[in-house]
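One structure is given here, and the rest of the page talks about it.
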Amino acid sequence: MTEFAFDLIGFDLDGTLLETCGDLTAAVNHAIGTIGLAPFAEAEIRTYVGKGARVMLRRALAASGQEDPALLERLLPLLFDHYEAHVAVHSHPYPGLIDALEELRGAGVRLAVCTNKIERFTLPLIEKLNLAEYFCAVIGGDTTGLLKPDPAPLRAMVEKAGGGRCLFVGDSSNDTLAAAALGVPSVVVSFGYCDGPPAELGGTAVIDHFDELVPLVRNWNH
Ligand SMILES: O=C(O)COP(=O)(O)O
Ligand SMILES: [Mg+2]
């Protein structure tokens, strides 16, 4: 038991723990630049993030008028190699995150990650930003073979982290749907890459800043 309503708090990665869009945009632009396509602004790529790198690149190619699946398969390794070499150039935790993680950990709440980003990028990114020590389980988009909104990766996170009363924090309907399918309450961060109005994404609650997370779970009344 903890002083909070939860034993375990899981987090989505892109657009929730971390602002990663600068490095993702650079990787997309590198890949499509090799065939002479015009680069995208970060604000556009933000709307393509959340269902894994393959879907992000497919969306960018479609917006460039390129729908050929073979082209997607040819450019994806170029995106991967660029992203792997530049995974934490601009990426950084959202304001207030570290203080919130410290306070939750100090209160005995276990912390974990469940992201659609594949492990090849997820693990080094968390390491490089000095966040690995906080998380007792990290599930990537290729860990179970299924992506959120399927609940399988979230279930794997809960099991690996030792179970208990769980809350999941995310920025998109992938997160709220996966949580709902597992019967886990969810919090939407309105500052992420939300795929709709934050209050309409199906979460149990919405926060606008990580400073709101600890008071929310301390006074949980949902
Ligand atoms: O789209 C991705 O690669 C990952 O997104 P997520 O961390 O929000 O699940
Ligand atoms: Mg996300």
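Just so it is clear, glycine is given a Cβ too, placed from its N, Cα and C backbone atoms.
Annotation source TrEMBL lists active site, nucleophile at D12. Of all Cβ atoms in the protein chains displayed, 31 besides its own lie within 10 Å of the Cβ of D12 (active site, nucleophile). When secondary structure is read from DSSP and collapsed to three states, D12 (active site, nucleophile) falls in the coil class.
Under the heading Mg(2+) binding site, TrEMBL lists D12, D14, D171. D14 (Mg(2+) binding site) has a Cβ environment of 27 other Cβ atoms inside 10 Å.
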Local backbone state of D171 (Mg(2+) binding site), from DSSP in three classes: coil
Those residues of the chain, 6+ apart, with a Cβ under 8 Å from that of D171 (Mg(2+) binding site): D12, D14, G15, T16, G50, V188, V189, F191, G192, Y193, C194
